Amino acid sequence: MSTNAFTRLQLHRLRKIEIVVHAEDHGAVEDLLKTAGVGGWTMIRDVAGMGHGGFHQGRSIFNDHTGLVMFVGVAEAPVISEVAIGLSRLFETRPGVTFLSDVEVIRSDYFASSTSTLA
Amino acid sequence: MNMMAALTVPDVVLTRTETAGLVALAARSVPPLWPLESAIAVNPLAGFEDLPFAEAVQQAAQRFGARESLPLTAWRQLYAAGRIDPRMLRDVAIRALGGSYPAHAVVTPGVTALDLLIARLTVLDPQQAEVEREALTPEVAFLAKWCAAFFDQGQAASPMPHRELGLYRAVLALAGHDPDYARLTGTAGAQLLLTVSRDPLTAIAEGLAALGVPEGGEVGHLAGLVARLPGWAGHIRWRAEHTDPANVAAAPGTMADLLALWLLLERAGALTPRPVAADPATAAVPALAAHFGWDAATRDAALASASGIVRQVAGYSDDRLGGLFMTAAEWTYRNTLVPQLETAAARLDVAGAAVEARPDAQLVFCIDVRSEPFRRALEAQGSYETFGYAGFFGLPIALHRHGEERRKRFLPVLLAPQHDVAEAPVPGQEAAAASLSEGLVRDRGTAALFGAAKQGTATAFATAEATGPLAGLLMAARTVGPRALQRVSRALAPERSAVLAPTLDRHPGDCARPAFTLEDKIGYASALFRLTGLKPQTARLLVLAGHGGSAVNNPYAAALDCGACGGHKGGANARILAAMLNEPAVREGLAAQGLVLPADTVVLAAEHDTTTDTVVLFDRDRVPASHAADLAALEAALERAAAANRARRAPLLGRSPEDLLTGAVHWGEVRPEWGLAGNAAFLVGPRAWTSGIDLAGRAFLHSYDWTADADGTALTTILTAPMVVAQWINCQYLFSTVDNHRYGSGDKVTQNVLGGIGVIQGNGGDLRIGLPRQSLFTDAGEAYHVPQRLLTVVHAPLARVEAVITANEILGRLFGNGWVQLVVIDPETGRTRCWQPRAEPDAEGTDPQDLTLA
């Protein structure tokens, strides 16, 4: 793609949240994402890596609830802030890390909020 | 009662997402509760596993209003029966007193501190009288009633309306018409019904604000509410996490719904305060004084001593004394078993074992503790080699059984299904399968019609009159001749397993797609060898034996089946893996991985009935004629082993071996077998290591060959999955015994089954969790199961075990917090090491120095 073509691209500024938690907590994180109104997310299972507690192994073959999972979600800034607020309560007692960053996407309709708060 | 809560809408501080996070944390205080049809053992204290064991037990006892230990009288019965070595009890007491020197310090002439503690343990009256169990409180009865109505699975003649709105909103819509609600909450409740938010998360936030729950105290507050109804809360967790969403979509009920209802009641001042445990203080001083013959002056002098030991010992609660008994029971078991295993390990010659003659048959059983005595009995019958492997045979499947609407998960709850498998007619049995299928449809229709007629207001009496005589005859037959009735039933209908079998090559929802690819099959087939150490030089017959129990009219029948198969019988999984291993293309794939099986090896599937000890061999008509003699010899050996094991088990149940067969089909039998009662150890190593030891049906046995697992992958799998399941089972038995009222489901005689969901005691109240009393205690009320933590013994190099634990947080938690005790017998050095639980609950990781000599 030429530089000119790139500058013609209509890009939309959104926020991205990446969350790494123990696999057993994946349901709690999904609840938060849904409640905040994130329309969709990516979940990467069996994340391995180095942390405060040493090297974390990916899951073992007979247990989905061991190891770490990583969520990646993109949405409007207020929605992502909502997720971060909810996570801050979760992280008071459960281990995990989260990263927030600005991103640009081509198709903003893919990341529309799904909030359906009941009155 | 607290009537202060504001009835106006309070200023909400928490956002919905924050509240969702708090609800998720609070939900962790109870484990999921599986329905009866697939009853799975879970640790009722799973939400406390981040804490050291003793601290977790204490916190959970406060939260659930439970005991921390078996009552002292029950421990003393076990002590008197020789289940606890007096020397071990003495050693535990010395450790509790701070070591040998303070334990032997003289308190009064001729009396040491140790004497005081031993007297409290073994002689003096318990300080905590058997308390009257808290009766069902009205608010628990109210919520339990609505939960039962909302979560009903088609049993109710008139289903609860508005279920599509969710539990919280459906109850809000009806509570105004419920006189129980009016009695409980009065005018405050009526006003709240009008003003409270209809969104459960917002209602929770409102409730926390209205009740003035401080920031940081929300999770504890919500967890306390969850613990008031642990059975239904567990059912909600199961619905959210372990069932197919389509199964529960018609009636969405979440933990937020339940908590919003609890907070509604709390705001209306309808909660009964939880009783606070009394401080044991020093109530035992007079008893000690009387026991040791102290006069007032001697007693006062002893109490005034600088060490304060008399006050310390007198201040021990019965629960704490019970904890010492439990440790003594664990040490008694460990110090008996581990030396035998050390001796056996020293004699073990892995190289020698490899060149032994080819056995007549090899049989792979589930790791279940009930397999061990049967394996031992079979090994005594001839040249039979046995192995232990997880009973789902490594297959993460959901089975679509013929004639059933929903698929069932035949795998450990730690896994999600990756393959949907259908049943199909066995070749040559198509007509019988069609007949069976018609029968299944007819039976379902008849049952539905009978249920509707029985519950209909206009038809109930007529139905009773019309079917009463037949039901009476059937009842008489079930009572007087249950085995004859079973023979008649079998003669009338073909055996299901003889006409239907799981099919590997057709996906239930898409006939063009196989349930397994060839690559999948090779992977699952090779896992059997990699994880168990089974060598490719297999015998002429290789049998994969699943297992299940037999019980009639027993809501806990599934608890006798295979936990690794999701609380189902394991025959289907065995048949699938056997079929894979017999496929030429799979054999070729295995050979490409260096696993070259002899061409004359035939793989068979079987199912061991743990109640009767009979073993059914599936698809035996497909065994080639060349192997007929091998098969006949094996079947004869299996029959002899069954008789031997029945003879061993019968006295434990106080019955004759023949009566075990009757109990398996008798509708009045409350204890068809002891199940996994007595479970105490999880042994990881080759069978040759344990085969010479009578493990008395108390050990899970997972085969493992450290020489074939250089990178520790197999050991990681064994410890992070089968051992975790064994720990759940162990903890369920432990806590169901310790407090059968809170952590168990109480007496079977007074239980009522609630749809297919669970049981309740009497006619209402919470769903009961855990095991019934009859599964743990004798009819005389003595504990058959000794509550003690799982002892895992691994036969592998120390460095490898340590590396596996360090890389897997779950193992650091279980071993580090003392939920499982670990002993490693290192075959390279010949040394035995015991993993020392860490003292600090918040320290992450376990230091290598923690490995101290046993």
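Even glycines carry a Cβ here, placed using N, Cα and C.
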Stated TrEMBL location of region 'Disordered', expressed as one of B:729-749, B:834-854: B:834-854
Protein Cβ atoms within 10 Å of B:His547 (Zn(2+) binding site), excluding its own: 26
Cβ neighbours within the same chain of B:Cys366 (Zn(2+) binding site) - under 8 Å, at least six residues apart: B:Gly388, B:Tyr389, B:Ala390, B:Gly391, B:Ala545, B:Gly546, B:His547, B:Cys562, B:Ala564, B:Gly570, B:His608
Shell of the Zn(2+) site beyond B:Cys366, B:Asp368, B:His547, B:Cys562, same chain only (C-beta within 8 angstroms of their C-beta centre): B:Phe365, B:Ile367, B:Arg370, B:Ser371, B:Gly391, B:Gly546, B:Gly548, B:Asp561, B:Gly563, B:Ala564, B:Cys565, B:Gly570, B:His608, B:Thr610
Number of Cβ atoms other than its own within 10 Å, given for B:Cys562 (Zn(2+) binding site): 28
Other C-beta atoms that fall within 10 angstroms of the C-beta of B:Asp368 (Zn(2+) binding site): 28
DSSP three-state assignment (helix, strand or coil) for B:Cys562 (Zn(2+) binding site): strand
